[in-house]
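Engineer: Here's a structure for you.
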Amino acid sequence: MKTNLLNYDLQGLTRHFADMGEKPFRAKQVMRWMHQSGAQNFNEMTDLAKSLRHKLNEQAGIEIPKLMMSQKSSDGTRKWLLDVGTGNGVETVFIPESDRGTLCISSQVGCALECTFCSTGRQGFNRNLTAAEIIGQLWWANKAMGVTPKNERVISNVVMMGMGEPMANFDNVVTALSIMLDDHGYGLSRRRVTVSTSGMVPQMDRLRDVMPVALAVSLHASNDEVRNQIVPLNKKYPLKELMAACQRYLVKAPRDFITFEYVMLDGINDKAQHARELIELVKDVPCKFNLIPFNPFPNSGYERSSNENIRVFRDILQQAGFVVTVRKTRGDDIDAACGQLAGQVQDKTRRQQKWQQILIGQQG
């Protein structure tokens, strides 16, 4: 089987070329061709010797996930569905803003964490994505979006907030991050690359040490009782441990704050009392809040908080001195909004039926 060079960061690519008896600078050349020029085969790499191109064609390949579908929302949001084999697809979403272009990338096919308000979690878990499948999302989007009239990349920011829990696919995510940050890859700043986690504490500590990019934490609750209910991972790493891990992460983080994401669920976590509990919870963690109006999906069992509840919640946090944003709903018409990245995942665990039975039982 040929080696897919898209799975390698510069360090791995350099080792690969050394094993072939080639000089280290060849790795930099090939990396630039793959990620900066969007080359899909070695014959395009005209500054490589013909003999090396022949050798690479025999031993290696550049295998990018196949594009299954591309959609564009009325608000400019773009979504690509990529084929990762065996009938599975993963989604990546581009969100344009006036001052930046953000790409939201998936790290797994499905998700095993079972956050109760997340449509991806309801699909069950299939497998981790390879580094090539993760970076391939940026490759496709970069090719589609191109550069601005000033010759700047349209994609200026990357957030690992798509399907899956990035920390549960740690090694492949770190390899992909390394390619994103490398000047021979995409040359992104650590400050402009964000990994989101539901709170896998040991992996947060590892990421701080090996690849400290910006960090977002899917918090969604102000106390353990509510978080245990909606983010089951909290039973393993409760809020006290999570807050301590956030403090440790900031020692090496490229930004001096953590972003806490908080989905607003009507009657569950959106009361003034919850906002006041939050203030107490994060008092020792420099942070910003991103409030996310819930995006309803079939059989979710949840409703979006009212605009009034969101406003009151935001005001309480702001009056306590926190920077708070309320996420605008983007890409609703192409199911690209936060929590809707269900993809074309086969529901191997039949969790949809399980949730329907639970809801029927609650209504009876």
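We number each residue from 1, going along the chain as drawn.
Placement of Cβ uses the backbone N, Cα and C atoms for every residue, glycine included.
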Engineer: Per Swiss-Prot, what member of Ser178, Ser196, Ser306 joins Gly164, Glu165, Ser218, Leu219, His220, Asn295 in binding S-adenosyl-L-methionine at one site?
Structural biologist: Ser196
Engineer: Using DSSP with the three-state reduction, classify Cys111 ([4Fe-4S] cluster binding site) as helix, strand or coil.
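Structural biologist: Coil, per DSSP.
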Engineer: Distance check, please: Cα of Cys115 ([4Fe-4S] cluster binding site) against Cα of His220 (S-adenosyl-L-methionine binding site), rounded to an integer number of angstrom.
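Structural biologist: Approximately 10 Å lies between the Cα of Cys115 ([4Fe-4S] cluster binding site) and that of His220 (S-adenosyl-L-methionine binding site).
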Engineer: Counting distance between Cα atoms, which of the recorded positions Glu91, Cys104, Cys111, Cys118 is nearest Leu219 (S-adenosyl-L-methionine binding site)?
Structural biologist: Cys118
Engineer: Counting across all protein chains present, how many other Cβ atoms fall within 10 Å of the Cβ of Cys104 (disulfide bond)?
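Structural biologist: There are 27 such Cβ atoms around Cys104 (disulfide bond).
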